[in-house]
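According to Swiss-Prot, the protein has these features:
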REGION    1-61  region 'Disordered'
TRANSMEM  149-168  transmembrane segment
TRANSMEM  178-200  transmembrane segment
TRANSMEM  207-224  transmembrane segment
TRANSMEM  237-259  transmembrane segment
TRANSMEM  289-311  transmembrane segment
TRANSMEM  326-343  transmembrane segment
TRANSMEM  363-385  transmembrane segment
TRANSMEM  400-422  transmembrane segment
TRANSMEM  427-449  transmembrane segment
TRANSMEM  454-476  transmembrane segment
TRANSMEM  489-511  transmembrane segment
TRANSMEM  566-588  transmembrane segment
Amino acid sequence: MTIGSKFSLLAGTRKTDGPTEISASSPPDVETPSAEKTATASAGNKEVGINDNSSDEALPSQHVQTGVQKIQAVTLVWSKWSLVAVFCLLWLVTLANGFRQSILYSLTPYATSSFQSHSLLTVINIVSSAMVSALYIPVAKVVDVWGRAEGWLVMVGLSTLGLIMMAASKNLETYCAADVFYSVGFAGMNYILCVLAADITNLRNRGIAFAFTSSPYMITAFAGSKAAEKFLVNVNWRWGFGAFAIIFPFVASPVYFVLKVGLNRAEKQGIIQPRLRSGRTLSQNFKYYFFAFDIPGVILLAGGLTVFLLPFTLATRAPNGWKSDYIIAMIVTGFVVMVLFVLYQAYWAPQPFLKYEFLTNRTVLGACLIDATYQMSYYCWNSYFNSFLQVVCNLPVAEAGYVGSTFQVVSGVLLFMVGFAIRKTGYFRWLLFIGVPLYIFAQGLMIHFRQPNQYIGYIVMCEIFISIGGSIFVLLQQLAVLVAVDHQYVAAALAVLFISGGIGGAVGNAISGAIWTNTFLPALMRNLPESAKANAVAIYGDLRVQLSYPVNSPERIAIQESYGYAQARMLAAGTGLMALMFIWMFMVKNYNVKNMSQTKGMVF
């Protein structure tokens, strides 16, 4: 993958294939597409849905990565029905993924509780988020160096392996290791799905395409929660994971075969040449891919982020709290390793992942900061939300899942509206001026309503408002990074965005874990009746123990009050962080996507 030279800070240096610049004749803060994009779009401006650009250029772009050439070759040879088939397959994958998310979201607290580790939910999330964030680097390079199909197949394999390991895990250590494979696999699949959506759509229609592939979540939000309850009642949580280890490979594999069939057809027609053997030996191949996939960068980022963030959750368990030697050592070591990652990318990496153009483009930076802040704020309070609904609101598993899935239902409808609004107006930044204030308002309201004895309808109302704002963020931040780069950098730009979100999620989980461990257990010790205080640690670590106390019993009321005390502080932290959005949203330039196109061939 040609990812660019090391960071250049020389005055006046700018690569010609980087992000577009504002034209001198353009209105203030309105982005004009580059000459290359305008030329590509000249025939595409007439599109009204599926658009055939193959007459513009009959061959894939030259001087781009192999993976980009492959997908352009596929779109140049396939028919309208092949395009429709891919969209349908991606819809089915999203449907299965939605069921997986909805079911396992409800089962995860019971899985960790079976190891008496319910309070370690955030620790597991921190480790998996850090690993996922780092591994977007090699995944982006795999889809650019090898191809989209090959990257998809690898991610399907990793996610299936993770599900099998989780279903068979007998202790927390195995479960945590499985969660890394599971999280990396499914995060990688979601990432490649976004890359594929960018490959087969025009910028003008990308919002509609994103809405279509996200629409299955409206179905799975309710059906999945009920299925999770049935797993717990009739079988066990392990079969919830095991079932998807069987289902998912069958649903996801056809995407790989459709892409490979299209590539074979392109090779037979001479549109792209088959890949020749490199002639490298096994050891030379290992060395080449070790640096091409930036494995040193992965190790530095994942290790540094994990070691730095874990102490914020583990400090209360340490013998001397924050004064413990290993807690201080972890924070210092993690920080130093993350600094080394930045220096490595800047000066020593043979093929650096972080491009200079990305780091100096205000739209890319703004979108990444929006995603990081949104994820940080969201994960400040979300990890224990499902448990809160069951323990404090006294909802059964299915109904708690319904409330927790509000985002999926709302986004399924709202994304279509946002997508059509962008197609009609050509602009998207104005939507941030609606989403940001609404999200902060709703999350602020939730501080008041996330307490015992509150009507559940108020919580659902806040969730709906939060979902409206969140849906806008999810779509616009992707669109913002894509309009700022050419097609050959789509995978890399999206990876930078996903890394930002992953780091934000890891930091949010660290904040959540720190607040939880420093508030919930002390609150239990204050609120529990004397007869139950000896059981405080068991209550703290096991959701099933919390639910075992009858509703309205002194013990249950004490647990509910402790939840309310902790949750209010989690939400306050998340709401305070969201204030940064008022700065980040002004960093995004006001692009007009009506006259922009990055793709070739038969696209939507």
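Positions of Cβ are set from backbone N, Cα and C atoms, glycine also.
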Paired segments the transmembrane segment (363-385) and the transmembrane segment (237-259) in contact, 3+ CB pairs under 8 A:
no
Selected stretch (most C-beta pairs under 8 A with the transmembrane segment (427-449)) from 178-200, 237-259, 289-311, 566-588:
566-588
Stretch-level contact, the transmembrane segment (400-422) and the transmembrane segment (326-343), CB cutoff 8 A, at least 3 pairs:
no
Counting only residues 6 or more past its boundaries, what in the same chain has a CB within less than 8 Å of a CB in the transmembrane segment (237-259)?
71, 74, 82, 85-86, 89-90, 92-93, 95-97, 99-100, 103-104, 107, 110-111, 114, 147-149, 152-153, 156, 159-160, 163-164, 166-168, 189, 196, 228, 231
Can you find at least 3 Cβ pairs under 8 Å between the transmembrane segment (289-311) and the transmembrane segment (489-511), where each pair is 6 or more residues apart in sequence?
yes
Which residues, given as numbers and ranges, are at least 6 beyond the ends of the transmembrane segment (489-511) yet have a Cβ under 8 Å from it?
1, 3, 17, 67-68, 122, 125-126, 129-130, 132-134, 136-137, 139-140, 143-144, 187, 191, 194-195, 198-199, 301, 305-306, 309-310, 312-313, 353-355, 357-358, 364, 367-369, 371-380, 383, 477-478, 481-482, 570, 573-574, 598
Outside the transmembrane segment (207-224), six or more residues from its ends: residues with CB under 8 Å to it:
87, 90-91, 94-95, 98-103, 105-106, 193, 197, 200-201, 401-402, 405-406, 408-409, 411-413, 415-416, 418-423, 428, 475, 478-479, 604
